Structure formats: C-alpha cells, structure tokens
Amino acid sequence: MAEIVVGSGRDSFACDVVRLRLCFSLVLPFHRFFPLIVRHTYRMLSSGRCLLKTARPRFRHVHLSSSTMVHEAVIVAASRTPTGSLNGTLKSFTAPQLGTAALKHALASKQIDPSIVEELYFGNVVQAGVGQSPARQVALSAGLSTASDATTVNKVCASGMKSIILAAQSIQLGDRSVVAAGGMESMSNAPFLIPRTNPGFGKFTAIDSLENDGLWDVYNNQAMGNCGESAAVKLNISREAQDAHAVESYKRAERAWASGAFEAEIVPLTVKGKKGDTIVKEDEEYKRVIYEKVPSLRSAFKQGGSITAANSSPLSDGASALILMSAEKAKELGLKPLAKIVSYADAGVEPIDFPIAPTVAIPQALKKANLSVNDISLFEINEAFSVVVRIAEQVLTIDPAKINVNGGAVALGHAIGSSGARIVVSLVHALKSGEYGAAGVCNGVRRRSLCSHYSKTVVDNKRIQNMRRSRPKKFSRITARHPSVILSDPTKMSEKESSKASIERDRSEDKFDSVTIDSADGDEALRLVGLVKTAEFTEEYNLKLRRKLDKLIPPLCAAVYFTQFLDKTSLNYARLVFTLIGCSDVNSQNGNQYYGPADHRPAVTDLDQNYNLVSAAFYFGFLVFEFPTVYIAQKLRIAKYLGVNICIWGAVLMLHAVGTSFGAFFALRFLLGMCECCVAPILILIISMFYKKNEQASRISWFYVMNGLTQIFGGFVAYARLSIAGISFYAGNRLAPYKIIYILLGGLAIVVGICVLIWLPDSPVHAKFLTKEERIAALERVRDDQGGTENKRIKKDQVIEAVTDLRTWLIVLSTLLTSIPNGALSNYSNIIIKSFGYTSKQTLILSTPAGIVAALMTLFCGWFSDKKGERQLPIIIALVPTIVGSAILIGLNHSGMKGVLLFAVYLIGTFGSALSTIYAYNASNTSGHTKKSTINAMTLVSFAVGNIIGTQIFQPKDAPDYIPGKIAIMCLLIIQLFVSFLLRFINLRLNRKKRAHLERVKQERGWTDSDIQREREKHAFSDLTDKQ
C-alpha cells in the first residue's frame, strides 16, 4: 500500500488535499475502468483543470482500495543538449529540433527501441510559432510510435520538472511502463507578435512573445526580476552575497567542463554552416563572464537594486530528455537504472514571492520520503536568480557545498522550458551510487493559476547500488574536491580573495589540477572560446582556413619586413650612389647638376668620415625604445600600433632627403630606429596567434626572406638611379640620386603602413576578414600549442620568470652573436665586394646573388624547422656556410681569385637565416603574453646592441681588406655554434623530464592521454607561461 499526496493551492479555488489510496480488487465488476478513472482524475488535478466550487469542494477525500502495490519509477537514461546563448550557436534550431536531438540521444545511449515508449511529456513555454503540439513533433521525429501519446506541458520554468512528475505518476499507477519526459526551449526563435486589434494600416505595435509569455509577472505587471528584488529585501540577501554566488557558479561550471563532468549527459549538435559543419558539444554562456565587471554592473530591474545581469540567469536555448520505466520493465530489458523517483511535491506561494517557494516545497517532499536536509548528498536548485539559492541556503540551512556542484543556470543558461528537466539530468549524472539527490525549480506561474509553484523531485540511488556502474575515478575525485573549493559561507570572502585562494590551492597540488582563471587574467580568446573546446572542425575545414590566412597575413608581414629592411639598409645604397657621382664634382665651388650650389650641398666629407656612427644611430634608437614599444604595443591594438609606426618612419625616411649634416642624419636615423623597433616582436606575436607551432617557422621565414630579396631589389633600384640624369623639381633644380632613393622608399613605407592599418588583424578575435565561426576555428587550431593570443595586462610574475630563465639568456646571447656580423655586413657587404676590384655599377649587380642565397637558406631553414620540429638544428645549418665563407675570405684575401672571393661573400649571407629561426623559437617555445613580449624585447635589444657593435667591426684603418673584421665574424659564429648546441641539449633534457612527469601523473591519477590533452586545452588561453 502506498499513498500519494498531491497538494495544489489556488487563490480562486478551495481545493483541499486529495488523497488517493490505490487498491484495485479483481472482484469489483468495473475493475477495468478504475485505472482510467484514477489516471483522468490525476491529470485534472495536476493540470489545474478540476473546476471546484469555492464554498464547497466537489472532492475532498477519495479512497480506492485494492491489494495492488504502486510501481516504482526509475530513470534509465538522461541526456541534454548544450545550452546555447540567446542568438548564439544554437539559434538555427527550433525547440522541437532540440528536443528531438536530446530524446534520440537518451534512447541511443541505452539502445532503447523508440517503439516501446508509450507516452511522452515535454515542457515548452514560448510556443508561438513552434507549431501544433510541440511534444508530438518531438515524439514522431525521434521515432516513437504513432500510437504513442504526447503531451506538451507549460508550467513556465517548472515545465520540464512537471513533465518528469507526470511521467513518474503514469508509471506508478501502472498505466504505462515506458515514458519519455523532458523539456525544450528556443528563446532565440521567440517571435514578435502583432495583435489582431492593430489598425489595418499605419504603425503596428508588436509584442515580444519571449517577454510576454516567459518573463513577465502578469499579476503584478512587472518583470520577474522585480519579484527577486522583493524577496532579497524581505530576507535581507545582499548584492554582495548574490554576486559571490554568481561568481562561484561560473567557476564551478568552468571546473566541471574542464574535468569532463558533463561528458556523459551532453548531446553533440552539428550546426550547418556555409563553410562546413561545426560540432557544438559545450554550454556557451559560462565562457562569457568577465569577473572584474561583476561588482560594477548596474542593477537590471530596480534602481539601486541587487539583481544584475551577472547574478541572474541568461536567456538560452536547449533541451533535455529522460527515459523513465517501471522497475520491472527495466529489469526485463536488462537495463541498469541511473536513479529512482521516490518523492515529489508542489507548493504555492504568492506570485511575488516565487523565489521563496523552494523553502516551502523542499520540507514537504523530504517529509513524504521520510528524509531530512542532511540526508541529501546533492541539491540541484535552478538559479533563475542567485537570490533563489541564497534564500534556500539561509532558510533551510543547506550547506552551499551541496548545491549545484557543477554550476547552475546563472552560468550554464536557463532555457525555461528545459531547465526543470536539465537540473534532473545533471543531478542524475552527478550522484554517486547510494546517495540521495534533490532537484528543484522555482516557477513564476501566470494566467489562470494565481500562485507560484516550486516542484521538487527526490532521486534515490540507495536501493540500486549494485545496479549502477561505478563512476570513473576522475569523476569521484572532482566531486570530492568541490567542498574544499567552496567556503561554508562564501559571502565572507570577497570575489578577489576567493579567486586567489582557489588558484593558490590548485597550484600547490599540481599544475594539472583545476586552476580557476578569471577571464581578465586570460587571453582575449578565452572570452570567445572558453577554457575547453566547444566545437570540432574537420581537417578539410582547417586546411581551407589556413589557406585563407596565408592569403593575407604572411603577405602583409612580408611587405612590412621588406619595407623595414630596405629602409634600414638605404644608407648603404645611398652612400654607394652618392660616392659614385664623385666627391670632386660635389665639392666643386660651382656645384653640379645634382647637388646645387655649394652652400646647399651636403657635407660629404663629414658624412663619409662618420659613416659608422650614422649607421649605428639607427640601432641606438632601436635599443632605447625597444622595451617601451613592446609594452605600449601590449596595451594597444598591436596591428594598428604597427601601422602608425610604419607611416611615421616612412615620413622620417623621406626627410633624409633634406639632411645636409652629420647631426641631421644621426637624428633621423635615430628616429627611424625608434619607429622600426616594433616590427619584429609584433610580427612574431601575430604569427604565433594565427599559426600552429609546426607552421610558425615557415611563416616567419616567409617574411624574413625579405632580407634577401631587398638586397636584390635595392641593388637594382640603386643601379637604375645611376642612369637618371635628374628629374625636374620645383624651380628647375635637380634631385640627387640618393635623395630619390629616400623619397621613393619613404613613400613605399607609407603605402604599406596604410595597408597594415586597413587589413592586418591584431589577433584571431579581431580578425574582421574571418566570420565568427572562422575566428573560433582559428583559435581552436592553436589551442593545443598553449601559446595563447593577446592579453592587455602586463604581469610582473611573467617578467620575472622571463629574466630568470637560463634559456632566455642563451637566446639573448645567440641573438647577440648573430647580430654583430649582421650589423657589420648589412652596411659593408657592397664595400667588401667593391674591394675585390669591381666598379660601383658592377658591385650593385653582383650583390644581388647574395640576396638570392640568403633568401633560399631562410626558406629552407623555416621548412626544415617545421618539418622536423627542430629550432636549433636549422640555426647550426645556417651558420656553417658563413664560417666557411669567412675562412675563405681570410685565407685567400690576396689570391686575386675574384670569383672564389665573390662566392665566399655569397656563403657569408646564409647566417642571417639563424635570426629567423630564433624568432620562431621565441614564438613556439614561450607561453604567456607578457613573458613572450619580454623575451622578444630582450631578443631585439640584443639584436640592436649586436648591430651597434657590428658597425664598428670594419674600421677605415683596416680598408680595403678588413681582415680583423672578417676574423671577428668567424670567431663569433663559431661561439654561436656552441651556444646553439647547448640550448638544444637543455631543451631535449627538459622535454625528457616533462614526458616522465606526464607518465607519473597518468599513473598516479589513472589518467589517459585524452585527460592530459584536456588539461592542456584548458590552460591554452589562460595566459599562463610555459612553466606555470
């Protein structure tokens, strides 16, 4: 014998508690009709359609006697779709489509034949435009028999919960043995309504069905949030307490997704797109939080109120489905139940007090099950507003550690027709064998019903310990850790302190434990794609995306580097052209056709004598401004900052044409260095944001190859200028060829700068040439590399880590050793060739093959580096030919073998490829935006110092052989060989240690490779360094 008590209070009906004692006797002549009578009576009472007089109820007590026991209702399958944001990734799905996907997955997960499902109850609130009988649509689309019954339930937020209760009642009565239940909502597709009373012409007034049918308190004519405000005032729940709960809800959701706690319940959805399909398998909303903004948000419903967008649930799309059976039927089919329904209750309060309703319903349901609050291991209480959970904690003294352990609706989303079922799905999968769990949802009831309800379902696993598979160890561990994360009273700890405590705890355990990361601390990408992957993209899709990236980013980077290197070495070409005209002609008192009168001509002797200092001025500016420019760039949009600098240096380069003294040239070259020092670090960052590690070296080589190509281009441009007799300029004066070079190159730089401002993206997050889907795909491509994207905060700990890392200083030393020869040869390579006895015209032409050799070596090193996963070996390969070439120049200096010496000069040019690979090393081996910026700055500072020193390698007193300088270059590069071998040895050793550590972690925790991969993905955009 069992008793079911259904309480349903109504303001306009005096309907007392109806008690049905179910006892069917085979002796009764009309026994066949009793189940139908009982079922019909329950349906009328539960749906509020029992019309009873106010003064005298038609039914007060009904007793039906029988010897038959009530059937046990068990849950054998439970699934849900990801919850999408309003107008988010799931907006293309209608509510029945979402419901169908959830139901199909639930059936398939236990290999249940859809044809055996006899009935379906499905919640759906905003039904305008959904079509006739939404539940019937789901039933037939999921493959249920056409003979099955389907009922749509609209009890607002409790719709999904009520569907489960109705399904359980149907089974307990013995009317059905297999019933599906759940809920669905597509709030993104809620239409605007035009009342038929609108005029036939002119302006029409539209009504938002989402607000009108789902979010509006019709009894008090106000938004439901105002009910929350009223409850918060009555029970003295502060804004700070609500915000603290919201923050904790988001962090629990992050940890749950990172740990895989939702994997068993989620239905992956395929979203069709113009450029391919996207698989969505993660909730969308929880990743959008910006923690630092939570305390500062204005109240959403009442001026000076406590309820904000952050501590309220977001509007969402989603669906949930469960398969319920009688225990006998489950046993017959050989299905192991996940849980059993043991009790449920409805409780009514005044509409404005609906957030308080859980505190009325929970004791009723627990009393029926002969349980107390302390007997419940886990609670799932729907977070329509954070105040609902805070009230339950306060009034019923529930331990906060037991409520919504994997986050609630504030973080996961609140698809109102689905939420009541969603929390039961999550609860079923979170409970361990032998535990009691309670799920509840507050419900603002509208229209005919004049009260608010709270539905309560208690799920018992205690009696089926041997029927359910044990949970994987990693799930048990995560569940056990939650109480240690959450404070007994979170309102006593500020958001900042709570976050700090969580981070410190996790890091003290192990870097693979869950680390709570604020979105403000993470990359910008974190706010778009979250801690873990939400979508999978096919290899074909990623290949098409990479090709699209290759069409824009490397060409723009190459144009920038081409311009920069050509501008940087313009002094070399201008000087050669300048001296080719002949100093005697320039020094003539009458002047000449290029330089004008004597009082307007440049101080040739002064410039010539101080050529080394003028060359070094560029690197002095580079050195002084490198660190400031890197950190300024981090605070600004890096591509825009780069574009502005290019335009400025273009103007500065054009001003070189009016320089007439050493002082003017020194100042202009200094300013040029200040503007150009931002190029390499920004281009390295951009490449690392868009490309995977095994693609970065080749892409960097694609723009670094411009060093060699500018050598070819610059030589031909300078050679062409020699044949120009002059061009008209203002009042008939003629421009000197070296001035034409500066004006031409400066104008080219400005054009490139404008192109950068228009087309070069700052990061995948801001890439306007990509669709939103492609931006997400671009970020997911590089997630596993853990290099991150961009972060505007300069983090002191990352700066300290960069400067205390031995490998950083080895890279700095490696750059210095490579840059000294670079500074020497970039300004003296043509002079060395001319010293072999060639004319200036011949020198300009003969210098071009050196550029070809350098370009080919750069491309080879980039390809080899990505192909083999090596960074130091290509450097070694690039250095060897230069060392050999230097030895030839020294040994055969007076041999008169011009061809051999020229070939040696071509060999020397290969060492420049080492710098390209060093840049790739920084991009791929360093994580953390501030750390990466710091190392890039240190690398470029050493580059500047090396080039300054390099300008002094070749001294005028050593002309024309420059033997000391050639010896110095050879010795420096030999030392560089040993540094590269040492750095390679250290990296190999660290990689071995890392692999050994990962194996220990896998053994100690029972993890698989997929678990390790999940942890890697979780930290990808958290802006953590490679050591954190």
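Each residue, glycine too, has its Cβ placed from N, Cα and C.
Curation plays no part in TrEMBL annotations; they are all automatic predictions.
Under the heading domain 'Thiolase N-terminal', TrEMBL lists 74-327. Marked as domain 'Thiolase C-terminal' by TrEMBL: 335-445. TrEMBL lists 611-631, 638-658, 664-690, 702-720, 740-760, 806-824, 844-864, 876-894, 900-921, 933-955, 967-986 with the feature transmembrane segment.
Across the candidate stretches 740-760, 806-824, 900-921, 933-955, the maximum count of CB pairs under 8 A to the transmembrane segment (664-690) is reached by 933-955. The recorded stretches the transmembrane segment (740-760) and the transmembrane segment (806-824) do not share 3+ CB pairs below 8 A when only pairs 6 or more apart in sequence are counted, and are therefore not in contact. Averaged across the domain 'Thiolase C-terminal' (335-445), pLDDT for the predicted model comes to 87. Residues 806-807, 810-811, 813-814, 817-818, 820-821, 824-825, 871-873, 875-876, 879-880, 882-883, 886-887, 890, 908, 911, 914, 953 of the same chain, all 6+ positions outside the transmembrane segment (967-986), place their C-beta atoms under 8 angstroms from a C-beta of that stretch. Taking every listed stretch (876-894, 900-921, 933-955) in turn, the largest tally of C-beta pairs under 8 A with the transmembrane segment (806-824) is reached by 933-955. Sequence-distant residue pairs (6 or more apart) of the transmembrane segment (933-955) and the transmembrane segment (611-631) include at least 3 whose Cβ atoms are under 8 Å, placing the two stretches in contact.
Taking pairs at least six residues apart, the transmembrane segment (844-864) and the transmembrane segment (876-894) share three or more Cβ pairs below 8 Å and count as touching. Outside the transmembrane segment (611-631) by six or more residues, the chain places 568, 571, 575, 645, 662, 665-667, 669-678, 681, 794, 823, 827, 933-934, 936-937, 940-941, 943-945, 947-948, 951-952 with a CB less than 8 A from a CB of the stretch. Counting residues 6+ beyond its ends, the transmembrane segment (876-894) has Cβ neighbours under 8 Å at 821, 832, 857, 861, 864, 900-901, 903-914, 917, 961, 963, 966-967, 969-970, 973-974, 976-977, 980-981 in the same chain.
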